[in-house]
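Engineer: For reference, Swiss-Prot lists these features for the protein:
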{"type": "SIGNAL", "residues": "1-23", "note": "signal peptide"}
{"type": "DISULFID", "residues": "Cys52-Cys60", "note": "disulfide bond"}
{"type": "DISULFID", "residues": "Cys78-Cys137", "note": "disulfide bond"}
{"type": "DISULFID", "residues": "Cys102-Cys112", "note": "disulfide bond"}
{"type": "DISULFID", "residues": "Cys258-Cys265", "note": "disulfide bond"}
{"type": "CARBOHYD", "residues": "Asn262", "note": "N-linked glycosylation site"}
Amino acid sequence: MNSINFLSIVGLISFGFIVAVKCDGDEYFIGKYKEKDETLFFASYGLKRDPCQIVLGYKCSNNQTHFVLNFKTNKKSCISAIKLTSYPKINQNSDLTKNLYCQTGGIGTDNCKLVFKKRKRQIAANIEIYGIPAKKCSFKDRYIGADPLHVDSYGLPYQFDQEHGWNVERYNIFKDTRFSTEVFYHKNGLFNTQITYLAEEDSFSEAREITAKDIKKKFSIILPNEEYKRISFLDVYWFQETMRKKPKYPYIHYNGECSNENKTCELVFDTDELMTYALVKVFTNPESDGSRLKEEDLGRG
């Protein structure tokens, strides 16, 4: 699309006409789209004018720094993915993953108060929201994949150090820390933290998912921990409501210790910002004694 046509379309949007913008733009995602997902919503918006044009009854607003859309599906569906494409295209950077978030609702629910932190040059955006039937609202298959032993829920292979044979931190995804002992990852709205380390000889045991109907500000799950199901490593993923660009990370920890003397272990989720979906990948090793920590990580997990 040439610049004249692009400016003409943006002009129509700014005067309240709903026109799909089709040219190169910067893409932002929450969640992961699959071909069988249903389109719940699609619209184009101008990002410079307030009040913005209401589409299908969903309220929206613009200020100097943010665009906000209040979406709630009238179908019996839960949100599986959200895509925002902004125009014109600007060089992307690693910080983009934090510029789109749901203040309330989100993946796994039927609503999202969608907040987009704009840049000055961005003047229009397409928004696409997808969903799946609410009766089950399971995303396990799309985040486990075909090879959960070797590939994480971001689609990245687990990599190991030579000294211990334990997995190493990711360096090609946004990373944050708390108290220098807890590491959090974040991409496309999907958060992650890991409890202890994955060893090359571990086995993938199961994936436990917790959907929105079972999630509170504080909740827990019970995991088996005996014989061949002795827990060696947990890879924990979730979506959460985020009030600001800087999220408040949850506290995820065992209730007490998870030692080889425990037949079960309780994993506790203690949150300030409500989760909307969680997935725990459980890895096991009958030889694990629960001491898989490095000196610099004391206090982690």
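Backbone N, Cα and C define each Cβ position, glycine as well.
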Engineer: Taking the disulfide-bonded residues one at a time (Cys60, Cys78, Cys112, Cys137, Cys265), which has its Cβ surrounded by the most other Cβ atoms within 10 Å?
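Structural biologist: Result of the Cβ crowding comparison: Cys78.
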Engineer: Cys112 (disulfide bond) to Cys258 (disulfide bond): how many Å between their Cα atoms?
Structural biologist: 36
Engineer: In this structure, which of the disulfide-bonded residues Cys52, Cys258 has the fewest other Cβ atoms within 10 Å of its Cβ?
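Structural biologist: Output over disulfide-bonded residues Cys52, Cys258: least Cβ neighbours within 10 Å is Cys52.
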Engineer: What Cα-Cα separation, expressed in whole Å, is found between Cys60 (disulfide bond) and the residue listed as 'N-linked glycosylation site'?
Structural biologist: 51
Engineer: Could you tell me which of these recorded positions, Cys102, Asn262, has the fewest other Cβ atoms within 10 Å of its Cβ?
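Structural biologist: It is Asn262 that, of the recorded positions Cys102, Asn262, has the fewest other Cβ atoms within 10 Å.
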Engineer: Quick one: pull the CA-CA distance for Cys102 (disulfide bond) versus Cys78 (disulfide bond), whole Å only.
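Structural biologist: Checking the Cα atoms of Cys102 (disulfide bond) and Cys78 (disulfide bond) gives a distance of 14 Å.
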Engineer: Rounded to a whole angstrom, what is the C-alpha distance between Cys137 (disulfide bond) and Cys52 (disulfide bond)?
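Structural biologist: The Cα atom of Cys137 (disulfide bond) is 32 Å away from the Cα atom of Cys52 (disulfide bond).
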